[in-house]
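A.B. asks: My questions will all concern the structure given below.
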């Protein structure tokens, strides 16, 4: 019998591979299932490239199943070779511990913890750290054939350039994770990105060999791709992080609202919990009135609210509207710095100067003649307000919180003016 959750995941395009499609559907239909997804603490924050497997795990929770969120405090000391063309640089134990703390805090935004049926947060260092070298080789290594491991894509792709024994053993450690969670918490499904297929199947095979366990399954999520061929999860400024100190909620919101018409419906299915009917309505709106960008607004609002909360979403929308309308004086210096993060930074030696002199000193104008022409032609805006007098004097009233001034030349060329103290 078809399972409603699996049907929804298929409609959203969220299933890439399943170890046993019929077995998974039968299991989900007969009981509340415990399943898990993990992340190694390679940084102290997740970025949006990590989101999809965990959002998929959250969908299982929404349907009454119990998710286990695993932070790899143990495996993070080793490094997963999957999807990597060269050896990872090993982190110190203190780095890994700090990163574990950061990721653990973020998971509380993604899942409901606490109740008997709530999500459970675990750190695989708690059990991997207890295994001795002799036990690893005798109790686990004995059940994993070298030829079997060499057949894994994550290993094969690295053999030409070399792989250390450290990373070679990674798949066994992740296999031990699945076996431990299966025995201790009755965990029967592992969810992961498409690059985790080899690690997931290793866990299932290890359980079969060691315990005769056959009721263990794997499900992978597709790699997120963009229609233009560019890598998903990157903005012009770099990775889009979940940590608001690394990527502000405004920048986060802007990333989503700027998605193309070609990608927006797919991303609504992937990254939001909107119902099928609403997404279909937004698709119709996108097709009939693309200029309204209703689908992009829904995507940005839903994902930003889920990750950062209602208040941060309202601030992001307010900043966006102010920047679009040119009402710059309604924003704080911090908000302006977020909004104009990527514009040229220029410096003035004094907070009081003639507008023409200011344009020359900052390099916005190449000569006094050009500066005068720009001002007279109405091409110069100070904090969103047009200034057409060459006699205008910049003063303290043109400073936002006594820190910065935003000068615009023409329709779109912005400059952030800082002042020498």
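Note: Cβ is positioned from N, Cα and C throughout, glycine not excepted.
Annotation comment: Swiss-Prot describes 36, 170, 174 as L-tyrosine binding site. Per Swiss-Prot, ATP binding site is recorded for 234, and the stated evidence type is sequence analysis. The domain 'S4 RNA-binding' annotation in Swiss-Prot covers 353-420 and rests on sequence analysis. For 41-50, the entry in Swiss-Prot reads motif ''HIGH' region'. Residues or ranges marked as motif ''KMSKS' region' by Swiss-Prot: 231-235.
In terms of burial and nearby residues, how do these features look in this structure?
C.D. replies: Listed in sequence order, the residues of the same chain lying 6 or more apart from residue 174 (L-tyrosine binding site) and placing their CB within less than 8 Å of its CB are 38, 75, 80, 196, 199, 200, 202, 203. Classification of residue 174 (L-tyrosine binding site) by DSSP places it within a helix.
Under 8 Å from some Cβ of the motif ''HIGH' region' (41-50) lie the Cβ atoms of residues 71-73, 76, 88, 91, 96, 98-103, 106, 224, 232-233, 239-243, 246-247, 255, all in the same chain and six or more residues away from its ends.
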A.B. asks: Take every residue in the domain 'S4 RNA-binding' (353-420), average their pLDDT values, and give the whole-number result.
C.D. replies: 89
A.B. asks: State the three-class DSSP label for residue 36 (L-tyrosine binding site), counting H, G and I as helix, E and B as strand, and everything else as coil.
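C.D. replies: In the DSSP reduction, residue 36 (L-tyrosine binding site) maps to strand.
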